Amino acid sequence: MEGFFSSISFVLILCVILTDLVIAIFVYKNNPHSSTNKLFTLLSLVIPLWLSFNYLSVQPTYLSTSLFWIRLSFLFAMPLSLLFFLLAHTLPSDKILLGEKTMIAIVGATSAVMAIVASPLTISGIEIVNNTPQPVTGLGMVPFSILSTLYSAFAIFVLLKKLRRSSGTEREQIRWIISGIFIMLSLIIGTILVPLLLFKTNVFVSFLPLYTAIFIVMTAYAIIKHKFLDIRALVTRSVAYTILIVIIGFFYAGSIIVIGQYVFGFHQPRSSIVIMTIFAFVIAYFYQPLLREIEKVTDRFFYKNRYDSNVLLAKLSRVMASTLELDELVNLILRVMISEIKIPHGSLLLMKSSHVFWSRSMSHRDEIAVEFNHKDITFLINHVINKSGEGILLYEEILHERIKQIMRSNNISVVFPLVVNKNPIGVMLFPSKSSGDIYSIDDIHLFKILAPEIAVAVKNSLQYDEIKRFSIKLEQRIKEATKNLQDANRKLQELDQMKDDFVSVASHELRTPMTAIKSYLWMALEGKGGALKDKQRYYLDRAYNSTDRLIKLVNDMLNISRIESGRITVEMKKVDLAKLVQEVIDEVKPRAEELGISIRITRRSNKMPNQGSSDLIGVRHDRLKDNIMFSVLADPDKIKEVLFNLIGNSLKFTERDGEIRIDFAKEKDKIITNVKDTGKGIDAKDIPTLFTKFGMVEGSYATNKKASGTGLGLYISKSIIELHNGSINVHSDGIGKGALFTFSLPMYAKSLEKKLTKKFKNKREEGKDIIHSGI
């Protein structure tokens, strides 16, 4: 039975050691720069050593040998406890969080206790109890027990503190690790440390691998289930490798036992077998990594052409995905291939219509100039492209004499084409390897894999370059077109300014003689030069009216010139709009009475009625009462001109016995003025042209004989209203249903007055006033 349990213990310790080694190597490879990974790796390496020493310490052998193993097991227990604490404190950071002074103190204390443990002060001797070596402890066990217990306690305290502060996946990870550590330490302290101190027995030491296995299994669960340290895939890939190591180890141990017992006839002690088996596992496990490191060293000295094709493909894939710039892409591809395959230099040539149009050659670090004979290279490229099969050309396999001569003279050992969708776009040329070796089958296989990938990457780069050139060309054309438009616009503005200047000058020059002509005609009509016959009065009256219309046209053109050139004077002040309307009505009333048209002012509520309706709310009267006042911020002279234009239009197009109604309303911070007549009305299609220059409309609105205007009045009115931050509109229900003109002005406010006064200050100093055209 004892032998059975001993065999179980041996198998258990081997399994635990292998598991620890696998996890240690893969955790470290996953992130060699992380302190968490480093500490976890050291812990996973120390545990197998500690387990091995503990196992060997309880094997029946010489007393001196048992004493050596027992002291080693206690010695390695100290760094084990220290690593537990450091891992708990660092997890999951990439750096050790303890300060430098604290680390020095901890390492110093641990080293001192380890020195005491290695001396006879801790384990003074060995005694055999029940055929099992038992240590004779001394005073050195006190500092050992205190320090190891403190490390374990602080580790659990730190992890519990992190557990409270963490959340989600990290919380689950820490919870599983805490549980594994707590169970393992509880069993170690309860079944090994306490019996050793109180009862002087280590009977439970054989179960130590099982305790550490509990911690390893629970940590592995955290790794696989919650992706802690992100090595699940690595652990999965290591299963086959671990099985191979186990087979090798057991085969080695079995061979030693069989050969030693049956061939040479001597029996090996179990401890020797265990040690040799462990060393066999270690050698088998580190064989491949050690071989790779040795090959790297020999490669540096002997230029051996050994490289990992998977690593090279991964590097080139990253390069080809990193940029679309042709120069940068080709430079990086050549540099990586030259460095990994160990070639002195390499070249990539691009062609179009069987002619090379772009080439690049690189050495290990810099771009170099490689002189190729254009005619020879073209012949070589066409030969490669037209070659059947794989298309890769090796110097050693060439039978064609001219091709061989071309490659020899140009120092070319291998050529492979770059083809996209059966269309060749270029070739890559490489000389012999730096080591002098020929290109192997593996090299050719690599070129076959790389050729289409590089071809696609280069093709994409060429297309990107083409799009970029097209974009640059398009941008240049847009700039040229924009410049042409700007030049044309500037010329148009100059022509427009010249036109306005001409109109202004011409109007000034015409106004003075026309006014004189009008005055003389008026004097003649009034009989200042003697009595007139009827026919003479008729002709003079027509000349007077025509002169008056011409003067109005000149005045309107001068007003437009001043408004558009910004030379108009604007003096903003508080204006009683109702009073201003009344003044205009008083001026035009004689003309209205002459035409038989009544003008009424009505006050209505703040709510705007339907503009198409002729119903106006309020009492009709000729004059507003004194208590009715609508205060706006405006230039009274300019608004008078607007009122003259609107009322004048209504008088022109309203028949005898018709009516013109004017009303006001408040709407938010605006005062709305409505001028509605019962005249001929406006066709809907003519409304958009009313407020434009010379906006004379056709049809009923312009057929009245009184409608002999210039077509500029409404355009001037619109410009004036917009200058006041207002708006003007017209509405008509159609022919014969009258028209409604509406304009808005801002209500008076001191803040607005200051703002607009400042805005028009300079214009008032340099500008001129509006010339009233009259009715």
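Even glycines carry a Cβ here, placed using N, Cα and C.
Residues or ranges marked as transmembrane segment in TrEMBL: 6-27 (among others).
Look at TrEMBL and you will find 39-56 (among others) tagged as transmembrane segment.
According to TrEMBL, the transmembrane segment annotation covers 68-91 (among others).
Summarising the annotation, TrEMBL assigns transmembrane segment to 103-126 (among others).
Per TrEMBL, the feature transmembrane segment maps to 138-160 (among others). Taking Cβ pairs closer than 8 Å, the transmembrane segment (138-160) reaches residues 74, 77-78, 81-82, 84-85, 87-89, 91, 109-110, 112-113, 116-117, 119-124, 174, 177-178, 181-182, 185, 189, 193, 197 in its own chain, all 6 or more past its ends.
Marked as transmembrane segment by TrEMBL: 176-198 (among others).
According to TrEMBL, the feature transmembrane segment maps to 204-224 (among others).
Per TrEMBL, the feature transmembrane segment maps to 239-264 (among others).
If you look up TrEMBL, you'll see 270-287 (among others) marked as transmembrane segment.
Feature annotation from TrEMBL assigns coiled coil to 471-498. For the coiled coil (471-498), the predicted model reports an average pLDDT of 88.
The feature domain 'Histidine kinase' is assigned by TrEMBL to 505-749.
Same-chain neighbours of the coiled coil (471-498): none, counting only residues six or more beyond its ends whose CB sits under 8 Å from a CB of the stretch. Panel annotation: around the transmembrane segment (103-126), residues 63, 66-67, 70-71, 74-75, 77-79, 82, 85, 96, 133-141, 143-144, 147 of the same chain, lying at least six beyond its termini, place a Cβ under 8 Å from a Cβ of the stretch.
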